[in-house]
Structures are given as C-alpha cells and as structure tokens.
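Copied over from Swiss-Prot, here are the features:
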SIGNAL    1-20  signal peptide
BINDING   ASP48, THR89, ASP360, HIS361  Zn(2+) 1 binding site
ACT_SITE  THR89  active site, phosphothreonine intermediate
BINDING   ASN110, LYS171, ASP172, ARG173  substrate binding site
BINDING   ASP313, HIS317, HIS491  Zn(2+) 2 binding site
Amino acid sequence: MKIKLLCISLAVLFCSSANAQKKQAKVQPSVFPQTVARPKLVVGMVIDQMRWDYLYRFYARYGNGGFKRLINEGFSAENTLIPYTPTLTACGHSSIYTGSVPAINGIIGNNWFDPQLGRDVYCVEDKSVKTVGSSSNEGLMSPKNLLVTTVTDELRMATNFRSKVISVSIKDRGAILPGGHTANGAYWYDDMTGSFISSTHYMQQLPTWVNDFNAQRLPNKYFEQDWNTLYPIETYTESTADAKPYERTFKGAKTSSFPHLFKQYANKNYSMMASMPQGNSFTLEFAKAAIPAEKLGQTGNTDFLAVSLSSTDYVGHQFGPNSIELEDTYLRLDKDLEDFFNYLDKTIGKGNYLLFLTADHGATHVPGFLRNKMPGGRLLLKVQTDLDSLIFNEFKVRCNFTIINNQVIFDTDAIKEAKADYAKIKQSTIDYLVKQDGVLNAVDIKNMGAVTIPQEIKNKIINGYNARRSGDVYIILDAGWYPTLTPGTGHAAWNPYDSHIPALFMGWGVKPGKTNKEYYMSDIAPTVSALLHIQQPSGSIGKVITDLLK
C-alpha cells in the first residue's frame with residue numbers, strides 16, 4: 001500500500017512538473033531576438049557655439065515643443081565637458097562623431113600649420129576633388145584629413161552600406177566631418193551663389209531634389225524679412241541693452257542696434273545668410289527636404305541625418321553671449337526645433353527615431369562686457385612681432401613664428417640652418433609669454449610631464465596635441481581673456497564657458513531623465529553606437545552614458 005501511494009505521488013509530481021515546464025516554455029521569451037532592434041532614423045544635431053547655460057538662461061521664454069521637449073521627454077547629461085583644448089568648430093564636430101580627441105582624430109583646429117607644406121592647412125581642404133553645384137572653389141573639400149572613422153561610417157559598415165547618411169550645414173566642416181568618410185551626401189552653403197553644394201568626393205552632380213531646393217532662392221526671401229526682434233525689445237530682460245560698443249556692426253551699418261536691415265543683401269551678398277537667425281531655419285528646411293527625397297527612415301535599415309546649425313556661432317561671435325541678438329536667435333531656434341521635431345513625428349513617427357543635440361564648443365563673454373568689475377580682457381596680437389624681435393636679438397635667427405590655435409610654432413629649418421639652440425629658443429619664448437597680461441602660463445607641449453599646472457588642464461592640452469600637426473609651445477590664457485583686436489568674442493579655451501556643452505538625447509531607446517555625473521563630448525558617439533548595436537568608431541576613447549539606456 002505504501003509502495004502504491006509512493007508511485008501515485010511520484011506520478012502526480014512528475015506530471016505537475018512536466019505541465020509546469022510546458023507552461024513555462026510557452027511564456028519564456030526568446031533570449032536572442034530574431035532581428036537587431038534599431039530605430040528607423042538617427043538625427044544628430046550640433047548647435048554651433050551653444051553654451052550649456054543657454055538651456056536654462058532662456059528656459060522661461062522657450063515653448064514646450066523645442067528645448068523644453070528635449071529636457072522633459074529626453075535625457076540630459078547636464079555635466080558634459082569637452083576633454084581637450086583648443087575648443088573649436090572642426091575639433092568639436094570631429095570629436096562628437098568619432099568619440100575621440102584631436103590627438104587621435106587629427107583635427108586639431110579649423111586650420112593648422114603644416115611644416116612640410118610651409119603653409120596653413122584648412123581642416124577639410126582637398127584639392128583633388130571638385131565643386132559640385134557651383135563654379136566656385138567652395139566645394140574643394142572632403143574628410144580626408146580626418147584620421148579615424150565616425151559613428152556614421154560605422155553604421156554604414158554595420159549594414160553593409162545599406163544605411164544612408166546625409167549631412168548638412170551652412171559651414172563646410174559642419175557637414176563634412178559628421179558625415180564621415182562614407183556619407184551618401186554632405187551639403188554645405190556656397191556664399192557665392194546662395195545655394196547648397198557638395199564635392200566629387202560624394203557625387204558627380206547634385207540630386208534633383210537639391211537643385212529644386214536651391215531653385216527656391218530662399219536666402220533672398222529671408223533677406224526680405226530683415227531682422228527685428230521676435231517679441232517687443234523691452235521684454236529681452238536676459239540680455240544687456242541694445243547696441244553696445246563692444247558689438248560688431250553688420251557691413252554697411254552705422255550701429256549694431258535693431259532692426260538689422262538685410263534687404264540690401266538680396267541677390268548681392270549671400271554670405272550674410274549665415275549671420276542671421278534665419279540661417280538656422282534655412283538649414284532645417286533643407287534637412288526636412290532631404291527626408292522624403294532620400295527616403296530616410298524608409299529604407300528598411302537605420303539611416304542617419306546629421307544637421308549642424310551654424311548661425312548661432314556667427315551671431316555669438318558678432319554680438320556676444322549677453323546680447324539681445326543672441327537671445328532672439330535662441331528664441332527663434334526654439335521655434336524652429338519645435339517645427340522640426342513635429343515634422344519628424346509626422347514623417348518618421350514619434351518613438352521611431354533617435355535624436356541627440358549637443359554643441360561643438362561654447363563661448364567666452366565679450367571682453368568689453370567683462371569690464372564691469374569682472375576678470376577678463378583682450379590679448380593683443382602684437383605678441384608675435386615682439387617675439388620675433390626678441391629671438392632675433394638674442395639668437396640672431398628669424399624663427400618666422402606662427403601663432404595659431406593658442407600654439408607657437410617655430411621654423412625649425414631656420415633654427416637648424418642658423419645652428420641656434422632650439423631648446424633655449426623655446427625657453428626664451430616661454431619666459432617672454434608668461435610675463436604678458438592675460439597669459440596664465442605657457443608650456444612646452446612635448447614635455448608636459450614636467451609642467452606644473454593642474455592635471456585637468458594638462459590632460460586637455462595632451463588630448464589636443466597631435467604630433468604631426470601641433471605646435472611647440474601652448475599658451476594658456478587667464479580666465480575671461482581672448483586674443484582679438486576687434487569687437488565681439490570667440491572661443492578656444494579649456495575653461496567651462498568654452499567647454500561645458502549640452503548633451504541631450506530623445507526618442508528611441510532613451511530613458512527620460514537627467515544626470516549630473518561628469519561625461520565628455522567623446523562619450524556621445526559610443527552611446528549612439530551602443531544604442532544601435534554597432535562597433536564604436538576606430539579612434540573612440542569615450543564611454544557609454546549608461547544612465548539613459550532603457
């Protein structure tokens with residue numbers, strides 16, 4: 001009897017276990033999905049010269065669909081810094097899309113001095129290609145000087161080049177560097193014709209849709225609007241009064257005050273398109289036109305649209321971070337972003353695209369503005385001629401100094417020919433520079449280990465140094481100082497005003513929220529790579545922002 005009961009119990013237990021396993025097998029999800037989950041489209045947006053604090057300085061005046069939507073529906077890495085110096089446009093776009101730094105990707109400035117060629121080299125110059133879409137030389141450009149791959153290149157390779165990559169900006173470098181080496185099309189603005197152009201690196205002729213877009217002659221239509229403030233000028237309480245003496249005037253204007261009259265430039269001076277906030281509207285209209293024309297997000301593979309908005313940089317340089325012009329530009333940009341996001345929702349579908357927005361660098365306050373009891377000033381550029389005289393008097397050699405990107409470059413051939421002591425010339429140069437107003441320090445770039453400066457600054461200089469392209473001595477300016485003789489302002493320093501940038505992600509795969517952990521510009525490409533399940537770019541040193549992953 002006991003044996004019989006035991007057998008019955010075991011049978012019941014076995015059947016129950018088997019049924020449970022069957023039920024479990026039915027509901028157990030597959031560990032490995034049948035296809036790789038990816039968004040239909042990735043949109044990368046770079047706002048040229050956007051300081052991080054602009055997110056919040058104008059927050060109360062933004063609508064709900066632009067910057068506020070990014071902050072409230074997306075993820076914000078609030079403490080994202082640039083890990084190198086100099087902080088310039090070409091360096092920023094390269095580092096965002098490569099996950100790298102100038103030391104590795106080779107883009108150490110907008111220009112740099114090439115000792116072998118004996119001249120300055122422009123970051124995307126390429127005399128081996130031709131302009132497409134114009135008879136000008138504005139299209140003699142390509143990404144050949146970029147020494148590593150971009151996240152856009154890696155996406156193309158990951159899909160055996162089925163994914164499409166389209167890149168657009170008013171600035172050539174703002175379109176070319178994000179697009180990488182393998183973009184299907186990179187388009188930038190030609191000042192001579194008022195049209196978007198490209199180069200034979202990408203194509204032999206412009207697509208029909210680009211010709212149709214150019215045929216609208218939108219710059220002339222924007223010029224007809226002139227530039228008045230979007231709201232009554234007295235409501236611009238986040239800015240200084242209009243028309244400050246340290247602001248630059250537009251060509252032909254007697255004052256820097258509103259309104260700015262652009263009708264005079266129609267059919268004459270197309271370069272002015274970049275200097276008005278409508279330059280951003282113009283670029284985004286082109287980006288919107290590219291989506292249906294190139295069937296972006298409809299190819300069955302993840303496509304990539306890279307958009308860099310340049311007018312914020314032109315306005316910032318001319319008027320400075322505290323101007324009404326700058327505030328008005330960002331209020332207009334906020335409306336443009338809302339329109340663009342709504343267009344993406346309609347054409348690609350909300351939740352079907354991944355979007356990130358960041359900046360290539362920030363900006364220092366105008367030196368004239370800082371005269372109001374704050375440290376800062378203008379470093380006069382006569383340093384170069386003074387140095388030349390000093391070294392000649394001491395060593396009887398003309399070093400033919402070049403000062404670019406805060407770096408001093410010597411003519412080493414002239415030094416060798418004169419049999420002068422290179423080390424002593426370098427030290428004399430450093431001794432002279434550290435005595436100048438506005439210079440915090442001057443350091444031997446090739447001997448950074450012996451330099452007594454904070455490690456954070458040292459790391460940024462090292463990350464910006466490329467052995468084949470960089471100079472001999474790096475000049476570190478005092479906070480708030482900028483090397484210029486003209487009104488307006490600039491950027492290039494290690495300081496937070498130049499290196500603290502927004503980093504916002506929204507849409508597919510992104511968990512809404514924010515973090516104040518320290519991240520870097522070079523972390524953006526690895527994060528996008530992780531979301532797309534593709535290899536990081538070949539020179540990437542960044543890390544994934546795991547806080548935003550769903």
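In case you wondered, yes, glycine gets a Cβ from its N, Cα and C as well.
Just so it is clear, the model here is predicted, and its values are computed rather than measured.
Note: the CA-CA distance between HIS317 (Zn(2+) 2 binding site) and LYS171 (substrate binding site) rounds to 15 Å. Here ASP360 (Zn(2+) 1 binding site) is positioned 11 angstrom away from HIS491 (Zn(2+) 2 binding site), judged by their C-alpha atoms. Around ASP313 (Zn(2+) 2 binding site), a 10 Å sphere centred on its CB holds 27 further CB atoms from the protein chains shown. In the shown protein chains, 28 other C-beta atoms lie within 10 A of the C-beta of HIS361 (Zn(2+) 1 binding site).
Among the binding-site residues LYS171, ARG173, HIS317, HIS491, the residue whose Cβ has the fewest other Cβ atoms within 10 Å is HIS317.
The separation of ASP313 (Zn(2+) 2 binding site) from HIS361 (Zn(2+) 1 binding site), Cα to Cα, is 9 Å.
Within 8 A of the CB centroid of the Zn(2+) 2 site residues ASP313, HIS317, HIS491, the other residues of that chain are ASP48, GLN49, THR89, TYR314, GLY316, HIS361, ALA363, THR489, GLY490. For ASP172 (substrate binding site), the same-chain residues that are 6 or more apart in sequence and have a Cβ closer than 8 Å to its Cβ are VAL124, GLU138, MET141, TRP188. When other Cβ atoms within 10 Å of the Cβ of THR89 (Zn(2+) 1 binding site) are tallied across all protein chains shown, the result is 25. Surrounding the centroid of the Cβ atoms of ASN110, LYS171, ASP172, ARG173, where the record places substrate, the chain contributes additional residues within 8 Å, namely THR89, ALA90, HIS93, TYR122, CYS123, VAL124, SER169, GLY174, ILE176, LEU177, TRP188. Those residues of the chain, other than ASP48, THR89, ASP360, HIS361, with a C-beta within 8 angstroms of the mean position of the Zn(2+) 1 site C-beta atoms are VAL46, GLN49, THR87, LEU88, GLY92, HIS93, GLY174, ASP313, ALA359, HIS491. Taking ASN110 (substrate binding site) as the reference point, the binding-site residues whose C-alpha atoms are within 10 Å of its C-alpha, out of ASP48, THR89, ASP313, ASP360, are THR89. Within 10 Å of the C-beta of ASP48 (Zn(2+) 1 binding site) we count 27 further C-beta atoms, all protein chains included. Under 8 Å, Cβ to Cβ, and six or more positions away along its own chain, ASP360 (Zn(2+) 1 binding site) finds VAL46, ASP48, GLN49, LEU88, THR89, CYS91, GLY92, HIS93, ILE96, GLY174, SER308, ILE501. The two recorded residues, LYS171 (substrate binding site) and ASP313 (Zn(2+) 2 binding site), show a Cα separation of 10 Å.
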